[in-house]
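Enquirer: First the structure, which I've put down as C-alpha cells, then a few questions once you've had a look.
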Amino acid sequence: MAKDIKFSENARRSLLKGVDKLADTVKTTIGPKGRNVVLEQSYGNPDITNDGVTIAKSIELKDRYENMGAKLVAEAAQKTNDIAGDGTTTATVLTQAIAREGMKNVTAGANPVGIRRGIEKATKAAVDELHKISHKVESKDQIANVAAVSSASKEIGALIADAMEKVGHDGVITIEDSRGINTELSVVEGMQFDRGYLSQYMVTDNDKMEADLDNPYILITDKKISNIQDILPLLQEIVQQGKSLLIIADDITGEALPTLVLNKIRGTFNVVAVKAPGFGDRRKAQLQDIAALTGGTVITEDLGLELKDTKIDQLGQARRITVTKDSTTIVGGAGSKEAIDERVDTIRKQIEDSTSDFDKKKLQERLAKLTGGVAVIHVGAATETELKERRYRIEDALNSTRAAVDEGYVAGGGTALVNVEKAVREVKGETTDEQTGINIVLRALSAPVRQIAENAGKDGSVILDKLEHQENEIGYNAATDKWENMVDAGIIDPTKVTRTALQNAASIAALLLTTEAVVAEIPEPKQAAPQGGAGAPMGM
C-alpha cells in the first residue's frame, strides 16, 4: 500500500491536533466536579464513564496523522494504568501541557533534543521530590480516603478499606456484578497464583483481556498434555454437561493447545489452559493445595494416575475463575472444610519443622493463600449503564489503594505537583534549550490543578496563583470549594499514581517533540461495484 509522509512542522502540527482532540475529551473528567463522557458502543447501550483510559482507548480519529497523535497520548494513559492502576486522566492532562508548550518552542526555533534533555532532568527532580514529601499508609482511614478520592464516593472508599482489612494489603480482592441494586462485600474460599492463560484466544472479555469461567470443572495435573486424545473422553463428557473447564498442567504442547483453542473459538465449550504454578517439588505441593481447595485430585504418576483414565469426579470445581495474562484467581472452591483444614495443618507443621528461611517464606505464602480467602465486591446498580460506570470507579479505586500501599501518598487535587515546583526550579540546564525544557515541565506541573478548578467552575489561573503562595499540602478542595490541608482533609493521591503519570507524560511528550517525519498509509479508493445490465423484456 502507498504511503503519505509529512515532515517537520507539518508532521508535529498534525500530531498535536490529535493530542488536543483526545486530551480535551478526557480532561473534562478530572477532579470531584469532573463531567462524564458518553461512549457509543457497536452494539447495546452507550457507556457513560469518567474513566480516562476507557475514554482514551475508545477514540479513533478519521485523520490518520491526528489519530497517531491521539494514540500516543492514549499510550501514556494506558502505561500509567498498567503500572499504577489509576492516574490516566492526570497523565493525559500532563502530556498535552508538555507537548503544547514544547511545540511552541520548537516552532520558534529551539532544538527539540535539548528540550527533551531538559524535560528529563526536570521530571527526575520532580519525582525525587514526590518521594521525599510522600507519607506511608498506616491506617484503615487512610486507605478509605485514597479509595474515596479515586472513586468520588466515601461509600466505595469504606468498602475497599473493609476488604483490605479482611484479606490483608496483599490479599486477593475481586469485583463481580451483583444481581441486586446494592454494592456489598463478602469473603469466600479462594486463592490466586501467578500463571496466566496460554493463548489470548481463550479470553472471554476482550476489553479487559480476561477469561471468566462460571462454575467450571478444573483438571489439575503435573503432566504435559501434548496429545488431545489423552483427555478427549473427559472433554466430551464436559461438553455434554454444558460446563466450562480450566486446565492446570505442567504444559500444553503439540496439537493439544491449538485443538483446545479451535474448540473455544467455535463455541464448542469454554476452556482456559494455564501452566501449573511453582517449580519442582513446590509445584507438586501447590497443585495439592489447589486440589484441596477445589475438591479435585491431582492427576500424577506419583499416585499411579493417568490422564486417559481421568473421571469427572476427579476434577475440582469452583464458583468462579478469572484468568488474566499473568494470574489465575479461583473464587469459591468446592473443597470440603475438612480437606482444607487438613492441608493447612500439614503446611503449619512443615513451617515448624523447616530450618530454611526461604522454605519457611514459601510455606507461609502457601498458607496465606489457603487461609486468607478472597474478598469479593459485588457491584449493584439499578441499570446496566450505571453498573458499568460504578464498576469502573471501583476498579480504579482498588488500583489506587494498592498503589498507595506500595509507595505511600501525597496531597491530592494536583497540590503535590505544584508543591514540587520549588525542587524543579533549582535544576539548571546546561544550555538555553535544556533550560527551556525544564521551564516547560514547570508550567505543566500546574495543569492538573488548573483543570480541576475549571471543571468546578472556577478560574484556574486565580486558583493556581493562590495555591503557589500556600504552604505545602494546603490546597483547593474542589468538592467543598474550600482551602484546607489536603492530607488532613483526606484528599490524597497515591505517590505511585502521581509519579507514573508524570513520567509517562514526559516520555510521550518528548517523543512527540523529537518527531521529524510521520508516515501514514494512503487508503486505496474503493472500487465501484459493477452495474448490472438491463434485463431482457419479459415475454407475454
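A Cβ is built for glycine as well, from the same backbone N, Cα and C atoms used for every other residue.
Reproduced below are the annotations present in Swiss-Prot:
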type    : residues                                                                                              : note
BINDING : Thr29, Ile30, Gly31, Pro32, Asp86, Gly87, Thr88, Thr89, Thr90, Gly413, Asn477, Ala478, Ala479, Asp493 : ATP binding site
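On this model, are these features tucked inside or out on the surface, and what's nearby?
Expert: When secondary structure is read from DSSP and collapsed to three states, Asn477 (ATP binding site) falls in the strand class. All protein chains shown were included, and the count of other CB atoms within 10 Å of the CB of Asn477 (ATP binding site) stands at 20.
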Enquirer: ATP site residues Thr29, Ile30, Gly31, Pro32, Asp86, Gly87, Thr88, Thr89, Thr90, Gly413, Asn477, Ala478, Ala479, Asp493: biggest Cα-Cα distance, Å?
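Expert: Looking at Thr29, Ile30, Gly31, Pro32, Asp86, Gly87, Thr88, Thr89, Thr90, Gly413, Asn477, Ala478, Ala479, Asp493 as a set, their Cα atoms extend up to 20 Å apart.
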Enquirer: Among the binding-site residues Thr29, Ala479, which residue has the largest number of other Cβ atoms within 10 Å of its own Cβ?
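Expert: By the 10 Å Cβ neighbour count, Thr29 comes out on top.
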Enquirer: Can you name the residues of this chain that are 6 or more positions from Thr88 (ATP binding site) yet have a C-beta less than 8 Å from its C-beta?
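Expert: The answer is Val26, Asp51, Gly52, Val53, Ala56, Ala77, Gln78, Thr80, Asn81, Ala501.
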